[in-house]
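**Q** Handing you this structure, nothing more for now.
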Amino acid sequence: AFAIDWLSMSYMLIYIPLLFPVAWLLDKRGLRLIALAGSALNAMGAWVKLGSLKPHLFPVTVMGQVICALAQVFILGMPSRIASVWFGSHEVSTACSIAVFGNQLGIAAGFLVPPVLIPNVEDVEKLAYHISIMFFMTAGVASALFILVIIVFKEKPLHPPSRAQASIQSRPTAEYSYMQSILRLLRNANFLLLMVTYGLNVGCFYALSTLLSRMVIHHYPGEEVNAGRIGLTIILSGMVGALISGIWLDKTKTYKQTTLVVYIMSLVGMIVYTFTLSLGHLWVVFVTAGSLGFFMTGYLPLGFEFAAELTYPESEGTSSGLLNVSAQIFGIAFTIGQGQIMDRFGTKAGNLLLCSFLFLGTVMTAFIKADLRRQQANL
């Protein structure tokens, strides 16, 4: 089980050291190169996995997964950057939330498709056949996306969509230093608070997603397909949450208040999920997990956009990248910690660990000052 958990955690681990070189590339070479590299690596990793359909070839599966994890480093920092480069001040948060929505759509497919395509059979040859169908489908989709990026993806529009973006684009390149930008971000107290609170919230979400099947099957044996559906419910409700929070931000510009409310609701949702998981009613798990996903995934674009406001005129790719690094570090720690606690003390104790950290994050969020620099630049 621990080796299987690492197929998910490898994404988190690889992101941490590679964020800085990739964010530097995004600053120096722009969006198109990053999109090409990310989609190419994703397709390559998917094809490598096709060579791993024997039990003794598990290391090849891991290698394919690591290549896909490299792709994610390029892709995860793009939503807030694409939103800022291509969209005006009244639509930038909605654009960011739609990009996050796309990311979640892929995760939703990951929860839905494998349990349907791969039945729980003992015959290893049959199992290999079903897994190969899934791997071929994944490789086909990833390759099609790579071709689409080559044909369709443009660097930036002819004219800057906002005053804030025009100001950044008119800055002489010689004046900009990537290292100085990082140092300025790390000296920004409000951003540092947001970085920790974002890491706590999203790290909890990563741990919950990774260990979800194990939790559900522990309380409801033989319900593998429903475990996948519960994961799908979390993601689908989260996609709705992400869209609503993006549209709400564009309408109201209440970054701090919205972030705090969504954080409190994530904590409430986690507490309810913790104490209803073992009641013996699967429909209750669907409802509580769905409401938890609505707020936890709804928080993703909020964090990116609040960071872009607090850190303007620094690169959105760097600020959202640092948020993601924080999330990956906490995600690995929480996944390992919760997994060990679940093995020794049960699922309730593991979930209570996440509740305590979400409470800490809520308190810290209350101390972030709403210093909306990008809004001031647009005014």
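Glycine too: its Cβ is placed from the backbone N, Cα and C atoms.
Pasting the feature list from TrEMBL:
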DOMAIN    1-373  domain 'Major facilitator superfamily (MFS) profile'
TRANSMEM  6-26  transmembrane segment
TRANSMEM  33-50  transmembrane segment
TRANSMEM  56-77  transmembrane segment
TRANSMEM  98-117  transmembrane segment
TRANSMEM  129-153  transmembrane segment
TRANSMEM  189-208  transmembrane segment
TRANSMEM  228-248  transmembrane segment
TRANSMEM  260-276  transmembrane segment
TRANSMEM  282-300  transmembrane segment
TRANSMEM  321-337  transmembrane segment
TRANSMEM  349-368  transmembrane segment
**Q** Can you work out the mean pLDDT of the predicted model over the domain 'Major facilitator superfamily (MFS) profile' (1-373)?
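**A** For the domain 'Major facilitator superfamily (MFS) profile' (1-373), the model's average pLDDT rounds to 88.
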**Q** Which sequence positions outside the transmembrane segment (6-26), separated from its termini by at least 6 residues, show Cβ-Cβ distances below 8 Å to it?
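**A** Same-chain contacts beyond the ends: 33-34, 37, 61-62, 65-66, 68-70, 72-74, 76-78, 81, 178, 182, 206, 209-210, 315, 317-318, 321-322, 324-325, 327-329, 331-332, 335-336.
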**Q** How about the transmembrane segment (349-368) and the transmembrane segment (260-276): at least 3 CB pairs under 8 Å, pairs 6 or more apart in sequence, or not?
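**A** These two segments touch.
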**Q** Which range wins on Cβ pairs under 8 Å with the transmembrane segment (189-208): 33-50, 56-77, 98-117, 129-153, 321-337?
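**A** Out of the listed stretches, 321-337 contacts the transmembrane segment (189-208) most.
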